[in-house]
Amino acid sequence: MNIPTLDDLNFSNSKVLVRIDINSPVDSKTGKLLDDSRIKAHVETIRELVSRGNGVVLVSHQGRPGDNDFTDLEEHSRLLQKHLDMEVEFVGDVMGPYARERIRNMKLGSVLLLDNVRFVSEELIEASPLQHSRSFLVRRLQPLFQGYVNDAFATAHRSQASLVGFPLVLRSSAGRVMEKEVSALAKVFNEGEEPKVFIMGGGKVLDSLRIIENLVKRRLADRILTGGLIAELFAVAKGLDLGKDNLQVLEKAGVLSLVPRARKLLLSGAPVEIPVDFKVEKGGQVYEEPANKVTAVIKDVGSTTVGIYSSFIRDAKIIVMRGPMGVIEDERFRESSRTLLKNSLESPGYLIVGGGHMISLLGGIGPLDSSKVHVSTGGGALLLFLAGERLPALEALDISAREVLKK
C-alpha cells in the first residue's frame with residue numbers, strides 16, 4: 001500500500017482541507033471537554049501546513065447523534081487556538097453557504113475549523129470511496145480546495161465521506177499523526193524485529209481474541225501475555241477451575257461461547273501465556289491465589305505472573321501493550337499493569353501502547369522517549385489494524401496515490 005505523506009506532496013500557498021480527529025470525552029453534567037490530548041496531537045500537522053503558506057480548513061466529528069457527547073466544536077476551536085498559539089476561526093456550519101463563503105474569503109496562512117461533520121447526515125453512511133466522492137459534502141467542498149490531508153488515524157476504520165470521499169477528487173496525503181501511527185504499527189509486521197511480545201488485557205474479549213487469532217495465523221507473535229478477561233477466558237479454555245464467581249463474570253460479559261476458539265488456539269501450540277496466579281479481594285483484603293485455586297472474583301494478575309511476563313519483556317525487540325492486567329480503577333489492582341508498563345519502558349525494545357486505560361497510566365511515569373515509545377491515538381482503528389482488517393481511510397489514500405496524483 002502506497003500512502004503519500006506531506007513530504008511527497010509539497011502543499012504550499014494553497015487551501016487545504018485537513019480531516020483530523022478531535023473527538024474527545026465530554027463531561028455529561030457540564031458539557032466541557034475532559035481531555036485535549038487528541039487536539040494537541042494534530043498541532044504538528046497544522047503548524048507545518050500553515051508554515052508553508054497554506055490556508056488550513058479543519059474538519060472533524062464529535063460523538064454520534066443521540067449520545068451525550070454529540071456537540072458542536074466551538075470549545076474544540078478554543079483549545080486548538082491555545083495549543084497552536086494562533087487564531088482559529090470557528091465556523092458554525094459544515095458545507096452550507098456560510099461555510100463556503102468563509103472558506104472562499106479566508107487568507108492563506110490562517111486556520112478555520114468547520115463544525116461537527118456528523119451534523120451532516122451523509123457522514124453517518126458507510127459506503128465506498130467512489131460513492132462518497134459523489135456525495136453532496138464532497139461535491140460542495142471539493143472545488144474550494146487544492147489538496148486534502150487525512151490526519152485522523154483514530155477514525156481510519158470508518159468508510160465515511162470526510163474520510164474516503166475527498167482522496168478520489170483531490171491530491172491527498174496522510175498527515176503527521178497518520179504517518180507516525182502507520183510507521184509505528186508497521187514494525188509489528190516487519191521481519192527481523194523479533195522477538196515480538198504482545199500484552200493483551202482489558203475487558204474487550206472478542207476484540208482481543210480476534211487480534212490473537214490474526215497474530216497466530218500470521219506468525220507475528222513470539223509471546224502473547226494475557227491479563228484481564230481474556231486471560232480468564234484462556235484459563236477456562238485450558239481447563240483451570242476459576243470457580244463459579246468468575247464463570248459468572250465471563251457469562252455476564254457474554255464471552256463463554258468463545259472458549260472453543262481459545263481452546264483451539266491453545267491446542268495449536270499458539271504462544272499464549274496464561275497467568276499462574278491472580279489477585280482477589282475477600283473481606284476488604286487483597287490476596288494472591290494460584291490460578292488453579294481461585295476462591296473469589298479475579299481483580300488482577302499476581303506477582304509471580306508479573307515476574308514471568310517481565311522476563312519475556314526484557315528480551316523483546318517489539319512490545320505491544322493493549323489493555324490493563326486488572327481493575328485499574330481501584331488503586332490496589334493497578335500495580336501489575338504499572339510494573340509491566342515500567343519494565344517495557346526500561347527494556348531495549350520499541351514499545352507501542354494503545355487503549356485509554358494504559359495511556360492514562362503513562363501520565364504518572366514521566367517523559368517518554370519518542371524514539372522508543374509510540375502512544376497510539378487509535379481505538380477501533382488500532383484494534384482492526386492489529387487484527388489484520390482493512391482500514392478504508394488508508395485504502396482511499398492509496399487509491400489517490402495511484403489514480404489522482406498520476407493525472
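Quick reminder: no glycine exception, Cβ is built from N, Cα and C everywhere.
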Same-site substrate binder from ARG158, ARG171, ARG176, ARG210, given that Swiss-Prot records ASP21, ILE22, ASN23, ARG38, HIS61, GLN62, GLY63, ARG64, ARG118: ARG158
For ASP21 (substrate binding site), the one of GLU329, GLY355, HIS357, MET358 that lies nearest, given that the binding-site residues are compared by Cα: GLY355
By Cα-Cα distance, the member of binding-site residues ASN23, HIS61, GLY63, ARG118 nearest HIS357 (ATP binding site): ASN23
DSSP-derived structure type at GLU329 (ATP binding site), helix or strand or else coil: coil
Nonlocal residues around HIS61 (substrate binding site), in sequence order (Cβ under 8 Å, 6 or more apart): ASP21, ASN23, ASN116, VAL117, ARG118, GLU123, THR155, SER162
Nearest-integer angstrom distance between the alpha carbons (Cα) of GLU329 (ATP binding site) and GLY63 (substrate binding site): 24
